[in-house]
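Annotation source TrEMBL lists domain 'ABC transmembrane type-1' at A:63-270. Per TrEMBL, the feature transmembrane segment maps to A:7-33, A:70-91, A:98-118, A:151-171, A:198-219, A:249-269.
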Amino acid sequence: MKSPGLLLALPTALIVLLLGFVPLIVILVWSFWTWDPATYWIRPEFSLAGYAAILEAGRWSVIVGSLGKAFLTAAICVVIGYPAAMAVHFLASRRTALLLMALFTIPFFTSYMIRAFSWRLVLGRNGLINGWLMDLGIVDQPLDWLLFSNFAVNVGLVASYLPFVIFPLILSMQRVEPSLLAASQDLGASFWRTFRSVLLPLTQAGIFAGFLFVFVMAAGSATEVQMLGGAAASMISVMINDVMRVVNFPLAFAISTVVLIILFGLIFIGNRLFKLTRLFEGFTW
Amino acid sequence: MAIAIGIDNVTRTFGTVKALERVGIKIGAGEFFTLLGSSGSGKSTLLKLIGGFDRPTTGRVLFDGQDVTDMPANRRPSNTVFQDLALFPHMTVGENVAYGLKVKGVAASERKKRVDSTLALVDLAGFAERNVNVLSGGQRQRVALARALVMEPGILLLDEPLTGLDERLRQQMRDEFGRLHQRTGSTFVLVTHNQDEALSLSDRMAIMHKGRIEQVGRPADFFANPANDFVARFVGMERVLKPERLERSGGDTVAIIAGERLVLPGARDVGEMGLLAVRPDRISLANGHAAPGSSLRATVAGRQFRGRFFDFYLELGDGQKLDAEIPVEFADAWPEPGNPVRLEFAGGALVPVPASGTAPNRDT
């Protein structure tokens, strides 16, 4: 072998290939096989039945609905996470910044089941919020739509994935030289003008990276919908779970393939538009 | 319109550190004023206060006599060329230069006219569409200058703008600053640690040290009348001798040094305990008929070739060291290292200076 670098990279490359690429190929290939309802097993015969079944039984609308929920969650996370990241990066001292980041992370030490469940205690008919609202006399009857609704699902998703948008944002803000903001101010720009014309454009890679992290994870989430959503609420992963009860690999993999293509497309477009890879150049943490 | 700057008894503390201590300076409208000092001297802190990026702990900043201490940077009639230039990487050269005008709400046609003429002023005509990230160091420097100058600022602040450029570019941009100062008539305030820059550009300059002003004046004053030995060293008189004492005789000062008497004709009176800053270019080999009281005995300790001259390292009878710059053509007459020599001191070769710390902060 000519270069030792290639040799050194080989184990890593093998692991990536084995753990990442091979399963994807399996998913892709099996999604075109035939499922035999008689034996509950698959045969290596080409078939588009899996893809056709996506259009049945409202599965397509679950996919669209899931992506919609994921989009909304990611958007809300960016809107909440941006000021939070600014507070950590611009306002806080080094110590407070560490403390704040720890606070963002600590909820992740508990099980995601417990985290989702705890929202029931907050949003339920006899929960914290309804209690306050009634005590303050704002409502007479407890609000029903707080729990087991799309609202509750979105609250749960935002709360779960907010840190994933904050960290890339902080990372991207660290790459903005403070003198650029000073220069903007020096040239007469107000805080908002500087924010809009300098900070936002220079952190768009972080915004997109954070958005994407949250979007991908929210699109693949199941717990929040199961614990907080209404009876009819479904999510892609819940649907795949249902399909796998009858071991219908082709349909499950067809759904996965469609979702994967959408996600990869999103990453590809994002990288083109926002130079996502640049965010991780000179990573210094 | 050029604006005069007043720094009125300004102190700036960071925790227990005094970055600036009771600093007072008046900078005239249209002046090219330089703050010269090493890192940590407070010169950049002072520039930030003028630009409005920081506030003094006590004291006031005045523009044309008006108190602007509480005015934020975006409302001050000053513009800054930052040390790292701070060009917006997501904008073209033209967009960078137009930014301030756009913020101000100048119409697009007028904006384009002013951007183009300012780019022409800094020799970057036709560069408006270029990507700022791929320009050379000197070109980036010019963009930063144009971005500030297009605002027609009453005050232009230059924060070590030549750091990081190679020597040739440095020279070139230095000339550029002088030319632009003439052209715009604005008040220029330059912060630098480079004495050459300060000496060649400034109308007046201030030497700062540990948050205090050591001396303010015209560049030539610093050589003729350094306020103390720190200033003398800072402007290039590296060696400062400590005589046994200084005496006055008529209009002259007489130094008793290493057991000999040396007359310094016309030198100022700095008191008996003053020091003597050495100008190495005014020392030569004494020939047989030197005037009495104009030469000292010394030993040659070593020499080094410096291109146009030799540096001779010398030691006086009492062990104090000094240097002499001897033009190459005269160096052959000098004895080899280890041998005694008699040094002749031309007028102004030894400049009397008060010792550090005895000079009060003052404004001229």
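Cβ coordinates are placed from backbone N, Cα and C, and glycine is handled just like the others.
Note: TrEMBL annotation is automatic and uncurated.
Counting same-chain residues at least six beyond the ends of the transmembrane segment (A:98-118), those with a Cβ under 8 angstroms from any Cβ of the stretch are 84, 87-88, 92, 156, 159-160, 162-163, 166-167, 170, 223-224, 227-228. Taking every listed stretch (A:7-33, A:70-91, A:151-171) in turn, the largest tally of C-beta pairs under 8 A with the transmembrane segment (A:249-269) is reached by A:7-33. Residues 1, 42-48, 50-51, 249-250, 253-254, 256-257, 260 of the same chain sit 6 or more residues outside the transmembrane segment (A:7-33) yet have a Cβ under 8 Å from a Cβ within it.
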